[in-house]
Amino acid sequence: MQLHSTEKPNIVVIGASGHASVIIDIIERQNEYNIFGLIDSFKPIGSKLFNYEVLGTEDNLPDLIQTNHIIGGIIAIGDNFDRRQMHLKIEALQLSFKYISAIHPPNAIIGKNVSIAEGVSIMPGTVANANASIGAFCILNTSSSLGHDCVMKPFSSLAPGVNVAGHVTIQTCSSIGIGSCVIGGVSIGAHTHVGAGSTVIKDINSFKIAYGNPAQEIRDRQENEGYLNKKKDLSS
């Protein structure tokens with residue numbers, strides 16, 4: 001099995017889907033780490049993404065870390081709940097594992113006094129304005145904008161083209177759908193999904209599906225309910 005080798009620290013990318021391909025591109029551009037390979041719960045060992053091989057599942061991490069001097073990596077899973085579950089699985093293994101962040105150079109603009117926690121992914125064209133706080137394992141997707149003094153709690157995400165005004169709080173594991181806008185000072189509860197193209201002008205409670213212009217709470221939502229499948233009827 002041919003693997004990439006360099007003097008840069010070895011890391012793994014956890015996930016081998018389309019989202020992972022974007023993360024790989026960013027890490028290569030950052031040029032700080034060597035991607036030793038991929039970890040995936042479903043893909044067969046030896047399958048490839050961008051010429052990086054799947055080394056095994058998360059259960060193989062202890063042996064892989066010990067034998068290949070892997071210092072850590074990044075969870076490249078797009079769904080917020082699934083990303084959190086993977087983090088819990090890895091934490092249960094009690095490994096010495098450094099979570100890196102992937103911040104696109106030079107096309108992500110990070111303002112003054114922005115706080116970025118571990119495991120964060122910030123895609124090309126994204127703007128995070130002054131005094132924003134981005135929690136662990138968040139995703140700011142392509143051409144999204146996070147306003148000044150906003151707070152994104154861990155495992156929350158902005159889809160491509162989302163615009164969030166200042167002083168907004170987005171709680172844990174919540175997602176703002178593609179092309180949506182959120183006015184200033186609004187709070188989005190935990191495990192809530194705001195559907196694509198929505199305009200949020202008031203607070204949204206936790207465990208809700210909300211969408212529309214203006215966005216309305218449509219129904220309750222389970223924390224493990226997927227939201228990235230285009231065939232999913234969010235109103236049902």
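First residue shown is number 1, and so on along the chain.
Just so you know, glycine gets a Cβ as well, placed from its N, Cα and C.
Taking a C-beta cut-off of under 8 angstroms and a sequence separation of 6 or more, HIS148 (active site, proton acceptor) has the following same-chain neighbours: GLY111, ASN129, ALA130, ASN131, ALA132, GLY166, HIS167. As annotated by TrEMBL, active site, proton acceptor applies to HIS148.
Taken from TrEMBL, the feature substrate binding site applies to SER17, GLY18, HIS19, GLY78. When secondary structure is read from DSSP and collapsed to three states, GLY18 (substrate binding site) falls in the helix class. In this chain, no residue six or more apart from GLY18 (substrate binding site) has a CB-CB distance below 8 Å.
Of all the Cβ atoms in the protein chains shown, 17 others lie within 10 Å of the Cβ of ILE178 (acetyl-CoA binding site). ILE178 (acetyl-CoA binding site) falls outside any helix or strand according to DSSP and counts as coil. Here TrEMBL flags ILE178 as acetyl-CoA binding site.
Among the features that TrEMBL reports, domain 'PglD N-terminal' is placed at 10-87.
Among the features that TrEMBL reports, site 'Increases basicity of active site His' is placed at ASP149. Counted within 10 Å of its Cβ, the other Cβ atoms near ASP149 (site 'Increases basicity of active site His') come to 18, all protein chains included.
Counting only residues at least six positions away in the same chain, the Cβ atoms of ALA76, ILE77, GLY78 sit under 8 Å from the Cβ of HIS19 (substrate binding site).
Highlighted in sequence order, GLY15, ALA20, SER21, VAL22, ALA76, ILE77 have their Cβ within 8 Å of the centre of the Cβ atoms of SER17, GLY18, HIS19, GLY78, the residues recorded for substrate, and are not part of that set.
Taking the Cβ of SER17 (substrate binding site) as reference, residues of its chain lying under 8 Å away and at least six apart in sequence are, in sequence order, ALA76, ILE77, GLY78. Around GLY78 (substrate binding site), taking its Cβ as the centre, 21 other Cβ atoms fall within 10 Å, counting all chains.
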